[in-house]
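Below: the structure, in structure tokens.
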Number of protein chains: 2
Amino acid sequence: MPSAPTRGPLMIIGGAEDKLRKRTILKDFVVASGGHDARIVVIPTASSLGPEIVEVYEALFTKLGAAEVTTARPESREDAHDPGLVELLEKATGIFMTGGNQLKLSGAICGTPFGEAIIDAHERGAVVAGTSAGASIQSSHMVAFGVGGATPKQRMTQVAAGLGLVSSTVIDQHFDQRNRYGRLLMIVAQSPQLLGIGVDEDTAAVVEDVDGHEVLRVTGRGSVTIFDPARMVSNAHEARRSAPLLASGVMLHVLPAGSAYDLTTRTLVPQAHEVDDTEAAEIAEAGRDLRQLARDIAASDVSPTNLRRRLARNRRRVTPDETPASDGGMA
Amino acid sequence: MPSAPTRGPLMIIGGAEDKLRKRTILKDFVVASGGHDARIVVIPTASSLGPEIVEVYEALFTKLGAAEVTTARPESREDAHDPGLVELLEKATGIFMTGGNQLKLSGAICGTPFGEAIIDAHERGAVVAGTSAGASIQSSHMVAFGVGGATPKQRMTQVAAGLGLVSSTVIDQHFDQRNRYGRLLMIVAQSPQLLGIGVDEDTAAVVEDVDGHEVLRVTGRGSVTIFDPARMVSNAHEARRSAPLLASGVMLHVLPAGSAYDLTTRTLVPQAHEVDDTEAAEIAEAGRDLRQLARDIAASDVSPTNLRRRLARNRRRVTPDETPASDGGMA
């Protein structure tokens, strides 16, 4: 009996991912999808653009080495029942949802065979990625639309239902660039069981199953901001019209590339300690000196005065390729 | 022997306070300064404007009923040693520092007799208010300048020393309008003993001594945002160049008008519960019915059937001025 398949990674991209230079995020997507064996399906339903949006992503994924890149573009709920489109998703190793209008995307696919096929692909191990609108739709509760601003105000944004690939969350994108602290805080103030996740442009929150935990890793140029309102005090039930909202006691995490957050336990994953090269060279040099000293002491009695002299001599000893260790450390 | 005087209130205003319509914040300042007995000194040193900035505030405070409004404008550290200017502050019941460039203001007055006279005025009970630059300078650690953006990045802002009227804090202003989440988070990520306080435009954080606690109350149109990094994890010591910073586990409080925060204990002050008028009328009506019912039961045995009938009758009973209670509640 085969064991249950592991769910595939989710890539939640905050929009405007780099397409011209390093292309870190798009490259990661192709590699995670199988590289030269990748069968990628692009879903541009959210976009208001025509073939040009498809051409860009098809060209990029092909250039990055994918074996096969096709497009599935349901424009209506009718289209989203087309078995031909659903079949494309069933064969995919990677699915990429473009930016645009997330309500157009969710309105066309959520609760249809096409929408279910995206969820199934995730369950069987395929990569599901989306940028901007394609990021928002991955959460259980989706920001439909709203205004920018740092301060949360009643009615500044609307929530609709997303695909629910990440449960108990609301995801927002272009977070830094469009100043969306306020609207994401408004949503968690009204729904304190949700975790609010804001993703900056050219930044990805990569969610993977790690030993039964959902772990979110950050890659790219910006940060991922997380609001955990579990212990929050709010006046969301009684704030009037567009009044600023009370949201006191929200746990805030701002996570740059390289950091990771456990969505299951809602805690930061401790980071490996970064070693400073100069400091490491200095301490290695000191270690060599100390070992020499230990040998000297073992060989003969050394008076404290001689010991100090020897130490001073060792500190001055500089080989042609080295600068003195005492100059190399942090100020 | 006289008891030690109580420190005066501080009014930390986020800039662009309403000057034309309700003028809530400026009115509060004049009232707190003594109303018709108020002797107000305006300090426009931060401003790049000439007499026009002085004229605006002098006209406003006079119109709002202050007994006396004068201006003290040291433009250099030399000026800030002028006994005449210092004497003005010694007689003031209210001091108002205008907006402009906070480094110009702090550069001229901090560590001078004029700067000390502001601190002394606060100690003896005078109101010290400031808007924008005049707000920033009140904290112990002052945002000198920096760029906007929601995501904290290394080197995005500079800290200088402020007057320190509020200790262990860094205050930022125009918080919502200029998207200053990032720079305030950068500062607390580097200095986790500080409390970060961001004040929106036309909003005031009023800090007063309440039973030995420093309590911050919010008034005006926007919110006051507080970052408490006491339990934060950060990589601020090793983030390079302008890299986004890790700031995980920051306690966030967004406080609209009417809410209050205890700076001494770093906790929200519980708010009085707001009563909905319709709900109150409904429950009062139900109370009257129940009292009548209790009298009926005491007067005679009532069969369950009769009891239900009487209850139904009571629910239908509507006086000409009342709508049925069952329609009045919240949906």
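Glycine too: its Cβ is placed from the backbone N, Cα and C atoms.
In TrEMBL this protein carries:
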type     : residues  : note
ACT_SITE : A:SER132  : active site, charge relay system
ACT_SITE : A:HIS174  : active site, charge relay system
ACT_SITE : A:GLU201  : active site, charge relay system
REGION   : A:304-331 : region 'Disordered'
COMPBIAS : A:307-317 : compositional bias 'Basic residues'
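Everything TrEMBL records as a feature, shown here on the structure.
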residue  : record                           : DSSP class
A:SER132 : active site, charge relay system : coil
A:HIS174 : active site, charge relay system : coil
A:GLU201 : active site, charge relay system : coil
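Across the fold, the C-alpha of A:GLU201 (active site, charge relay system) and the C-alpha of A:HIS174 (active site, charge relay system) stand 5 Å from each other.
When the Cα atoms are compared, A:SER132 (active site, charge relay system) and A:HIS174 (active site, charge relay system) turn out to be 7 Å apart. A C-beta separation below 8 Å, combined with a sequence spacing of at least six in one chain, links A:HIS174 (active site, charge relay system) to A:GLY14, A:GLY15, A:ALA16, A:SER132, A:ARG180, A:ASP200, A:GLU201. A:GLU201 (active site, charge relay system) is surrounded by 22 other CB atoms, counting those within 10 A of its CB over all protein chains shown.
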